[in-house]
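Colleague: Encoded as structure tokens, here's the structure I'll be asking about.
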Amino acid sequence: MVRSKHMKILAANAQADSSNTEARQSLLFSQSPIPNAESRLLVAGVDEAGRGPLAGPVAVAAVVFDPNKPRINGLDDSKQLTAERREQLYARIVDRALSWSVVLIDSEEIDRINIYQATMLGMRRAVEGVAHVAGFARIDGNRVPKGLPCPAEALIGGDALDRAIMAASIVAKVTRDRLMHELHAQHPEYRFDQHKGYSTPMHLAALQTHGPCPQHRRSFAPVRLALEGREQGSAAIGDPEQLQVAQLVAPL
């Protein structure tokens, strides 16, 4: 497999830690005790985190539960959980999953191919990371990426309906949030640890003051306007009402 500098694949291994930079630069596979014939019955849940922010990567996770391990209680859409609760569930998920993977597509690649294509790429790579044990993928949303290694279906609102998708949403969110804390250490002026790259007033004010850093998505309108330094860009960044208009121009 060719590893792009723009794409980092986190281990499908219960002992790998998403805060480990070295682990994020390689693809590891967990060993599956389940024969290939039985693996066709296992479903991978797939979800993303970070499509909308102005900075940082989009993270996509795939999770296959181990049917021989206890059920995890309290799973939900990651957006409905506190950060503390997500961390607790993350630890249980990676411990009890038969296999899991996380793919990070960085801002440079997002700008190159657009956020939609970056998300589809991440989904395909995440499913590839668990395809040795999963015979089917269930993906949150309304689109199935092309080129998946197994049959799949899209499930609108799946992060509130399917337990494996819920788990994937938690793994993706926790992984991305941890990385944004690392990026905060590199660029403290933006306070990535507070808003995780989303377009909050704090973040927009920092953009106006400091301009974009390498982690910002220059294809997103508020960042592009800040970079260009145009008068209308300054108005869009400083005025919350104008910001909503600017965000409509950004890829969804």
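Numbers here mean position along the shown chain, with the first residue as 1.
The backbone N, Cα and C atoms fix where each Cβ goes, glycine too.
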Colleague: Among ASP140, ASP162, ASP177, which is the one Swiss-Prot gives for the divalent metal cation site where ASP47, GLU48 also bind?
Modeller: ASP140
Colleague: What count of other C-beta atoms do you get within 10 angstroms of the C-beta of GLU48 (divalent metal cation binding site), across all chains shown?
Modeller: 26
Colleague: Highest CB neighbour count within 10 A among the binding-site residues ASP47, ASP140?
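Modeller: Within the set of binding-site residues, the most crowded position is ASP47.
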Colleague: Which whole-number mean pLDDT does the model give the domain 'RNase H type-2' (41-232)?
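Modeller: Across the domain 'RNase H type-2' (41-232), the average pLDDT comes out at 95.
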